[in-house]
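Features as listed in Swiss-Prot:
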type: ACT_SITE; residues: E187; note: active site, proton donor
type: ACT_SITE; residues: E259; note: active site, nucleophile
type: DOMAIN; residues: 726-808; note: domain 'SUEL-type lectin'
type: CARBOHYD; residues: N249; note: N-linked glycosylation site
type: CARBOHYD; residues: N260; note: N-linked glycosylation site
type: CARBOHYD; residues: N366; note: N-linked glycosylation site
type: CARBOHYD; residues: N375; note: N-linked glycosylation site
type: CARBOHYD; residues: N392; note: N-linked glycosylation site
type: CARBOHYD; residues: N432; note: N-linked glycosylation site
type: CARBOHYD; residues: N502; note: N-linked glycosylation site
type: CARBOHYD; residues: N526; note: N-linked glycosylation site
type: CARBOHYD; residues: N566; note: N-linked glycosylation site
type: CARBOHYD; residues: N595; note: N-linked glycosylation site
type: SIGNAL; residues: 1-28; note: signal peptide
Amino acid sequence: MAKAMCSLGACLAVMLVVLAAAVAGVGCSIVSYDGRSLILDGERRIVISGSIHYPRSTPEMWPDLIKKAKEGGLNAIETYVFWNGHEPRRREFNFEGNYDVVRFFKEIQNAGMYAILRIGPYICGEWNYGGLPVWLRDIPGIKFRLHNKPFENGMEAFTTLIVKKMKDANMFAGQGGPIILAQIENEYGYTMLQPENIQSAHEYIHWCADMANKQNVGVPWIMCQQDNDVPPNVVNTCNGFYCHEWFSNRTSIPKMWTENWTGWYRDWDQPEFRRPTEDIAFAVAMFFQMRGSLQNYYMYHGGTNFGRTAGGPYITTSYDYDAPLDEYGNLRQPKYGHLKELHSVLMSMEKILLHGDYIDTNYGDNVTVTKYTLNATSACFINNRFDDRDVNVTLDGTTHFLPAWSVSILPNCKTVAFNSAKIKTQTTVMVNKTSMVEQQTEHFKWSWMPENLRPFMTDEKGNFRKNELLEQIVTTTDQSDYLWYRTSLEHKGEGSYVLYVNTTGHELYAFVNGKLVGQQYSPNENFTFQLKSPNYGGSFELLPAGIVGGPVKLIDSSGSAIDLSNNSWSYKAGLAGEYRKIYLDKPGNKWRSHNSTIPINRPFTWYKTTFQAPAGEDSVVVDLHGLNKGVAWVNGNSLGRYWPSYVAADMPGCHHCDYRGVFKAEVEAQKCLTGCGEPSQQLYHVPRSFLNKGEPNTLILFEEAGGDPSEVAVRTVVEGSVCASAEVGDTVTLSCGAHGRTISSVDVASFGVARGRCGSYDGGCESKVAYDAFAAACVGKESCTVLVTDAFANAGCVSGVLTVQATC
């Protein structure tokens, strides 16, 4: 990820990219490259990749996600390898469940796809501590991502472990496997430019390259976003929203784009960024126009930050990322379909793009025609980089209209096969389905249990003391979000005091004599709160969390302060319920049941209920409306942190999204934002593999701040409305997805300027002929295709574009 994507520290892990063959099956054994592209068994190849992170989904989801990616025209999948997930405690390894990285690669190979193994150790990725295991901090003398033996020894050991696992499974190309590239380090050039680190960084990055090449994997090694000080034995690549202007500083290296950001992550306190489909298509088309040969969508499927894996600060549990496949694995239309059409056109031009001669011709400012020629064939790109005007371009006697901020692709230099701004694919609006399960809500029988605070209010076993305020991550060894600080003083005066705490904690709860006297979340600069460990930067092992150093003061009404920072402090990490693993619902837990009411708005409370799994295969979510802040589990599986009470800022420009112009993931840009004034996240993914079929499922909540579980509901996410626009001569295809849902009605068939957006269109010039045609072809069907003809037009309609909306 880029610098803006991660807030604080360096990140660590392994990133893997998986590349699908353009033909069925894989069999590449010799991998090389030249200045134009990768060369696989002697053939130059275009690679179109997409990121899918295996721990952000489940093994049961992997085959379907990979299948959809391949059907979307990808010939690559990318993923990080997550060190702190695989080695949470030193020399204790986890390669089970959704951390079974070898199984994930085998699923990709089974789909007929190649793989690129990107080994960090740095990943960022909005992942807890950037993928670094926290125990690294305990190694004497360690400095992250600089030239020093403690860090390099740990990095080499983990890199060697991952390489060995891949070799043992015959995953490298020379073994008949899918891996055709490997990466060491990640985005190092973003963070390590401090003057005092230049020499150490230089030695470290060259050590990385040498260490990687000694692994003898038989494929080239890459470094992404490494434009400065590139070692001679690696290939550097580009990351960003746009990479058409980027070229390697060595002409022998092909132009490769390892992270094309399809959207953006979401913070708890911010609206959601939506990168327009037209803009992504524009960026990809421009990249290949300007000699690109490999590009990867980050993300193609974002998934979910289950458990405590969300990085910081403020990253939500959902890692949807506005990707072509949504958090649950559903197609996000039109993004998925429009890019699929682009991929098809690009792959049809593979030979001429990678072997042909080319010439760029400027047609004034911001308009460029690129013509590729090979033997007697030619292919052309025309781009219009103006963000405020359409243009007409005459090429070989034919005039072509280009909307602003768009690229047209002409595989024969005569006929436009694709324009990035003209979307023909349907738009799908997903909705929360009212189902029998949702109707169970009023019948949920809740039981509850107070969190036992006694161990933290007294100096019981497990506590330890220090005459200083300690750093939270080290003290908890990152095994819990919660750290208790306790001190005592003799108060002889009268009157009231204000407790002042300078902390990098995310939320603070204050107790006096065992009673909760207040809680506070502070997003302002007086308190720098964060939800999880930092995950971006250089020497971020030095960046503190918690009430480290303080000060902690009691301030009386006169302004006099008692500084408690150097008092004797007692510490204990975690919750009693965490130690007892209440979330596993073991026998012996003393749940309290109430026939009619349960305590609400009570901090530090556990709740439990049961529900039946919804029928079918639609995506399942739990709606936590009414709750405040905490953690949720289903059948012992952590859904992650929840915070539905945190409402995103309401700001000007929300919901306004003009695709034209440079996309920036900045709230200040006030462009392409949604969810303003709404909960940052209210729905939490429950993968089908978490659920028991035909048996009760247990939902357990730990509510830390006090909420009302009576409004909690289990829902399914399904296609609601499907819409499309097309000109005469085009075909319109509408589909209600792959789970047997059918089109129930046609709502709008307008051959004019339809007002509104998909799901709420108001036809401006209704066409009865078009309506009847779509009703006859579509109602009662899972999908339908209709040819748009002149007969659909109405006299007096201004626009020649048909807009249709149907309900699933």
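Cβ coordinates come from backbone N, Cα and C, glycine included.
A map of Swiss-Prot features onto the structure.
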residue	record	DSSP class
E187	active site, proton donor	coil
N249	N-linked glycosylation site	coil
E259	active site, nucleophile	strand
N366	N-linked glycosylation site	coil
N375	N-linked glycosylation site	coil
N392	N-linked glycosylation site	strand
N432	N-linked glycosylation site	strand
N502	N-linked glycosylation site	coil
N566	N-linked glycosylation site	coil
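For the glycosylation sites listed here (N260, N366, N375, N432), the lowest count of other CB atoms within 10 A around the CB belongs to N375. Annotation for N249 (N-linked glycosylation site): spatial neighbours D227, V230, N236, criterion Cβ-Cβ under 8 Å with sequence separation of six or more.
In this structure, of the glycosylation sites N392, N502, N566, the smallest number of CB atoms within 10 A of the CB marks N392. If you take the Cα of N366 (N-linked glycosylation site) and the Cα of N392 (N-linked glycosylation site), they are about 13 angstrom apart, rounded to a whole number.
Taking DSSP states H, G and I as helix and E and B as strand, the domain 'SUEL-type lectin' (726-808) has 14 helix, 28 strand, 41 coil. Using a 10 Å Cβ-Cβ cutoff, E259 (active site, nucleophile) registers 27 neighbours.
Averaged over the domain 'SUEL-type lectin' (726-808), the predicted model reaches a pLDDT of 88. When the recorded positions E259, N432, N502, N566 are ranked by how far their Cα is from the Cα of N375 (N-linked glycosylation site), E259 comes first.
Rounded to a whole number, the C-alpha distance linking N566 (N-linked glycosylation site) with E187 (active site, proton donor) is 40 angstrom. A 10 Å cutoff on Cβ-Cβ distances gives E187 (active site, proton donor) a total of 26 other Cβ atoms nearby, all chains included. Calculated from their C-alpha atoms, the gap between N432 (N-linked glycosylation site) and E259 (active site, nucleophile) amounts to 31 Å. Across the fold, the C-alpha of N260 (N-linked glycosylation site) and the C-alpha of N502 (N-linked glycosylation site) stand 38 Å from each other.
The shortest Cα-Cα distance between N502 (N-linked glycosylation site) and any of the recorded positions E187, E259, N392 is the one to E187.
Taking CA atoms as the reference points, N392 (N-linked glycosylation site) and E259 (active site, nucleophile) are 32 Å apart. Geometry remark: E259 (active site, nucleophile) versus E187 (active site, proton donor), CA distance 10 Å.
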